[in-house]
Structures are given as structure tokens and as C-alpha cells.
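The N-acetylalanine annotation in Swiss-Prot covers ALA2. Look at Swiss-Prot and you will find SER3 tagged as phosphoserine, backed by similarity to another entry. The NADP(+) binding site annotation in Swiss-Prot covers 10-19, 211-273. Swiss-Prot lists TYR49 with the feature active site, proton donor, giving similarity to another entry as the kind of evidence. The site 'Lowers pKa of active site Tyr' annotation in Swiss-Prot covers LYS78 and is backed by similarity to another entry. Summarising the annotation, Swiss-Prot assigns substrate binding site to HIS111. Feature annotation from Swiss-Prot assigns N6-acetyllysine to LYS222, LYS263.
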Amino acid sequence: MASHLVLYTGAKMPILGLGTWKSPPGKVTEAVKVAIDLGYRHIDCAHVYQNENEVGLGLQEKLQGQVVKREDLFIVSKLWCTDHEKNLVKGACQTTLRDLKLDYLDLYLIHWPTGFKPGKDPFPLDGDGNVVPDESDFVETWEAMEELVDEGLVKAIGVSNFNHLQVEKILNKPGLKYKPAVNQIEVHPYLTQEKLIEYCKSKGIVVTAYSPLGSPDRPWAKPEDPSLLEDPRIKAIAAKYNKTTAQVLIRFPMQRNLIVIPKSVTPERIAENFQVFDFELSPEDMNTLLSYNRNWRVCALMSCASHKDYPFHEEY
């Protein structure tokens, strides 16, 4: 199993990264330090997670202590929906860089295709609980992203939560300067995403799988929701390999040639999630896990379902 996938830019992106969505600010600095000490070199961040400053403290300590060199780290962040208007993109990126205490990002993604009304509120809602859109078009947002590459603020740019028609719209943009290097999407055995993954690969776009464990700590979880970590069928596969269910769920996307970014702030779990390079799921077990697809999403962003750029009305 390769430890990296190569982006079309030639950059090597570590196949396993530390996710930081829902990592509490008080715990994420330590999580980042532990992860780097354990060998993680890829950290996945976003402005909307409201913890980039604390992630940055962990990075800064390890860089200043010369535990790791900047060029050996792969740091990803994301442009939030309230900053899609072209004149806001650079400032948003600079805020993230300042918080992370870095002078460049390895990869910067448009977090969602949906633009929201600019302002301090990350989810501006109207009286009916629907998100208030902005006037932006993500193709124009993309042009501002391209400028960040030219200015040296970011090494590569990509998208997240885009369906294949939305990716296609960027690829077909007249005068496109840089195509998306990555599409970061939700992928796990209940949402296997075969069609979208196949489409991205056919265009030379690397796919990052988020919520590989089904994000059991998501704030909107309901008791009746399915649980990947508690699924007896997946537990049985894990037992066969002498591995935990989480390790099988992390290995599964890796063997599909996807990047994967499990989140944890618990040192033991951060270590456990990295112990996935010493076993291989059989083709039969891979197919079995794929067969559990039920098109179940952790992140459906239902408050945006009426937005013109909502990505999940399409099949893929």
C-alpha cells in the first residue's frame, strides 16, 4: 500500500490524514502534536471548524521544535460558503493561513458548492430555517481560487461535496487555468459513491473520503441512525483480521485508492487509526463492504436543500 497518492500537480498527498471536524479547540492542539509524533503528515482543516488557531499551535510547536519540516507536511483547508464572492476569497485564505501560522497551504478546497450570504454567521438562515444564499457562482469562486495558486498562497486547489455535474462545470469553464486536484466527499460502506469516484478518477482528480467511520459524534445523530462502528457484519470482518472495526473502515477507502481522514482527539485512537498499513482486506471482503451501500449520508446539509447549487439532488 503506497503511503501517498500523487496529484496531477506532481505533489504527493499522504493517503491517511488527521481529520479535525468537531475536534474541540481545547483538545485539538494536543491531537495534532500526538498525530505528528506518530507519523501523520497530512492534517485536514477548515475555517468553519472554528479550531484552526489551535491546530496551528500544534503545527507551530512541531515545526519550531524541528520534529518535522514544513515541506514534509501536507496541510489542507477549506473556503467557507460565506466567502464565495470573488473579492472575499483571498481574505478568507489569509485568515486561515494566519490562524494555522503557515505561509502556504498544500491544498485549499471550496468546502461546498453553495454560496451563503456573507457575514459573521456561518449559517445565515431565513425565517423558515432555509439558508440565505449569496449572488455568487462557484465557477467565479474558482477563478479567485486560481489566483491564490498564482500568488503562492496555496500549492493546489480543489473542491468538496461537488457532484459530477458541478465538477464538470469547472472543468468546462472557458479559460480554465487549474483543474481541481481533489474532490473531498463523504465515503463509507453505507455511502460507497462508486459513480462519483469513477468519474473523478477518469478526470485525474484524486478523491478524499471524509467521515469514514460515519462521524458517530455528529451533533445531529438520531438514535435510529445506522452505526458503522456497531454493524455486526463489519465487526465480523474486523475480527477475521484481528483489527478493530475502525481500522477496517479506514483501510477500506485506502484500498479503493482514496485519501482518508479519520478524526480523533484521543491519543490511543489517533494511534489505532494509523495502524492500517500492515494488513490487506481480501477482494471478497472489499466487495462485501461495497455491498452495504444504502445511500445514507451523515452530511446532507438539509438547510441548503433549496439552494440552486445544492449538490445532492443529482444521483452522483
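Just so it is clear, glycine is given a Cβ too, placed from its N, Cα and C backbone atoms.
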Task: From recorded positions ALA2, LYS78, HIS111, LYS263, the one whose Cα lies nearest ASP231 (NADP(+) binding site) - done: LYS263
Open item on the list: So among GLY10, TYR49, HIS111, ARG251, ALA271, all listed as recorded positions, which is physically nearest to ALA2 (N-acetylalanine)? Use the C-alpha atoms.
Closed with: ARG251
Task: Residues that sit under 8 angstroms from SER3 (phosphoserine) by C-beta distance, when 6+ apart in the chain - done: PRO14, ILE15, LEU16, PHE277
TODO: Could you list the residues of the same chain, at least six apart in sequence, whose Cβ is under 8 A from the Cβ of TYR49 (active site, proton donor)?
DONE: THR20, TRP21, LYS22, SER23
TODO: Fill in the CA-CA distance, ALA221 (NADP(+) binding site) to LYS78 (site 'Lowers pKa of active site Tyr'), as an integer in Å.
DONE: 24
Task: Nonlocal neighbours by CB distance (under 8 Å) for ALA271 (NADP(+) binding site), same chain, sequence gap 6 or more - done: VAL34, LEU38
Task: CB contacts for ARG251 (NADP(+) binding site) [other CB atoms within 10 A, all chains] - done: 27
Task: Proximal but sequence-remote residues of the same chain as the residue listed as 'substrate binding site' (Cβ under 8 Å, at least 6 apart) - done: ALA46, VAL48, LYS78, LEU79, TRP80, CYS81, SER160, ASN161
Open item on the list: Quick check for the class: what is the C-alpha distance, in angstrom and rounded, between GLY10 (NADP(+) binding site) and LYS263 (N6-acetyllysine)?
Closed with: 26
- [ ] Would you list, in sequence order, the recorded positions among LYS222, TYR241, ARG251 whose CA lies within 10 Å of the CA of LYS263 (N6-acetyllysine)?
- [x] none
Open item on the list: For the modified residues listed here (LYS222, LYS263), tell me which residue's CB has the most neighbouring CB atoms inside 10 Å.
Closed with: LYS263
